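**Student:** Dropping the structure in here first, questions after.
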């Protein structure tokens, strides 16, 4: 195997899943970086980075830990031996192990955690419950301004003044027929700041100003990308069948079940709204026969049940961890088998049925 330096690897990981897809509240990317140059031979995957998992990473000579959940979330004021989160940072740096966390970026991508979770339902089509928007506008500028005029002298003056304004792009003039008259249609893209200057300029002529349209440009939605999934099964199946499929996919002996009002184990399930991890905010108000997630608040469960929606809870990380073996295979291809990728054996959900 050839090795990768840490910067190269982080670049490749960001290319696999853009961090711009993560939720704004999240803390993603490289969280702990040993002093460069840092070479990565072994990449170690885990869902949660606990002290037990950290010891395993040290023993397996990991050079970078990819921890799905960010072990550093709220800011640290010190790095001492006092709290377990701080100790993780100390151990990582002592052993020259980097820590990288993708979290909600992996929830959003088409080939990510939520997509893996849908595979437990059987044949189905799925769409994101909350689609992601592209990080950039397709054209420059946030606003588009359009107006028409038949006064060419005045137009030349306006155009020359428009060209002096910073942050204007895509300025075009086209012949147009408006109510049978030959006119010139002008359109341009501009930033919020430039928009104020454009409007000030056009408002000097009330005829122009009254014929001006201002459009707010939206960032386009990204296909198959976003939070949660709404899955429509090819064939409706009974709730009891879906329960068995989910248990088998997640390799769980038990799940928690809240039966929707008026529903039984024989009730057909056609639409499933799901969200890996903690799904309350994503699933709220979605129309479906079944909600599938790791955890939900008591009151959100009561709400769903009252609306005839059955809820299946599997514990938070049980709806995520199984993705890691699929991730290992995808990253091996993405990184051209340059490094050794292993999945933690000590990582597990903290809640067990006693």
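Using the three backbone atoms N, Cα and C, a Cβ is placed for every residue, glycine included.
Any TrEMBL annotation is an automated prediction that lacks curation.
Checked TrEMBL, it gives:
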{"type": "BINDING", "residues": "69, 107, 316, 320", "note": "divalent metal cation binding site"}
**Student:** For 107, 320, listed as binding-site residues, tell me which one has the smallest number of other Cβ atoms within 10 Å.
**Tutor:** 320
**Student:** Going along the chain, which residues six or more apart from residue 69 (divalent metal cation binding site) have their CB under 8 A from its CB?
**Tutor:** 47, 48, 49, 101, 103, 317
**Student:** What are the other residues, in sequence order, whose C-beta lies within 8 angstroms of the center of the C-beta atoms of 69, 107, 316, 320 at the divalent metal cation site?
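**Tutor:** Neighbours found: 47, 68, 103, 113, 276, 277, 278, 294, 317, 319.
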